[in-house]
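As structure tokens, the structure follows; a few thoughts come after it.
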Amino acid sequence: MAAFKLADRLATLPPYLFAGIDKVKAEVAARGVDIISLGIGDPDMATPGFIIEAMKEAIARPANHQYPSYVGMLAFRQEVANWYDRRFGVSLDPATEVIGLIGSKEGIAHFPFAFINPGDLVLVCTPNYPVYHIATGFAGGEVQFVPLLEENDFLPDLDAIPEDTWKRAKMIFVNYPNNPTAATAPLGFYEKLVDICRRFDVIIAHDTAYTEIYYDEDNRPPSILSVPGAKDVAIEFHSLSKTYNMTGWRVGMAVGNPTLVAGLGKIKENMDSGIFQAVQEASIVALRDGDDFCRELRGIYRQRRDTVINALHKAGIQCRVPQATFYVWARVPQGHTSADFVTRVLQETGVVVTPGNGFGTPGEGFFRISLTVDNARLEEAVSRIAKL
């Protein structure tokens, strides 16, 4: 058999974050241990029935089985614009400022190819969703990580970035509400970031997949596009995955600066063939009619969050109370590294949590819990961890 060599861009990739965890998980499961997985952020609850019914109706229409538009149906893009106006007070032109995505991950992964040339500098706030820096590397860009530290409320210290770096930078990736830290960003942070990036002509790529999983109705996570002038420099990636329990449906959107949206569209027209049209029609119903469901979903996650936080605090494990996302970002006990601790937890208790350093160097000393099992299983999981 021929020995084919992987391209350098793949050969130099570190192992996928969850690959090593899955290997240990399989070994533990083979011993007959009851596994409770709080690792990957994949909702355990079903897509709501009204969306499923809309999908059933859409599937029955023959026209929906043809090639879709690579930018998304105009009706879908219009509903995205309607939702942004209702939720954030942001006005969008569905023809030029909205594009449909086969999940936000696809759009984020493709975006650097539209604007990053080999050697261009891209700032990536870390700990982070790995796709930001991996996609940048695939496009030939140079990555400079910007640390998110607890003493700064897991926000980047924009003033600590030298002016020369801002002058060189072509793009910055930010993500709030944040995965993995669960931090949120106030509007003032976005105002400062937009001001700097307008001054130095830096593209802002903002990942907002978790804006609808929040716990304070009086302090809802904003869109960066709420900031005057943000459209000059920003594109925002959003998804229906977490908002409506639709991770497997693969549907999302990117909105903002029309040049940035068009550039992403140019990549997509050459790389994919768009979102299955029946999924888009069901997504229109989700965006239009899903507010009550989202309110109920937040209530469930709030209960789960409180269960985990109370149990962790009783066990002496330090963590902040998250104001958004379905993650808890907790400190590992003294004397452990992140990797050592989560491996011990998995091997001795059967509970899967994620090591913080898997999201970047500043994540060392932390681990992430996903609130993606029911309350009883969460109580059992944290009880097992507390006995270590």
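First residue shown is number 1, and so on along the chain.
From the backbone N, Cα and C atoms, a Cβ is placed for every residue, glycine too.
Substrate binds TYR16, GLY41, LYS105, ASN179, ARG368 as Swiss-Prot records it, and from the list TYR67, TYR84, TYR129 the residue named for this site is TYR129. Binding of pyridoxal 5'-phosphate is attributed by Swiss-Prot to TYR70, SER104, LYS105, TYR129, ASN179, SER239, LEU240, SER241, ARG250, and within the candidate set TYR210, TYR214 the record adds TYR210 to that site. Of all the binding-site residues listed (ASN179, SER239, SER241), SER239 sits in the most crowded Cβ setting, with the most other Cβ atoms within 10 Å. There are 23 other Cβ atoms within 10 Å of the Cβ belonging to TYR129 (substrate binding site). Residues near ARG368 (substrate binding site) in space but far in sequence (CB under 8 A, at least 6 apart, same chain), listed by position: PRO180, TYR327, VAL328, TRP329, ALA330, VAL353, THR354, GLY356, PHE359.
Candidates TYR16, GLY41, TYR70, LYS105, TYR129, ASN179 (binding-site residues) were compared with LYS242 (N6-(pyridoxal phosphate)lysine); those inside 10 Å Cα-Cα are GLY41. Fewest Cβ neighbours within 10 Å among the binding-site residues TYR16, TYR70: this applies to TYR16.
Put simply, of the binding-site residues TYR16, GLY41, LYS105, TYR129, ASN179, the one whose Cα is nearest the Cα of SER239 (pyridoxal 5'-phosphate binding site) is LYS105.
In the three-state DSSP classification, ARG368 (substrate binding site) falls within a strand.
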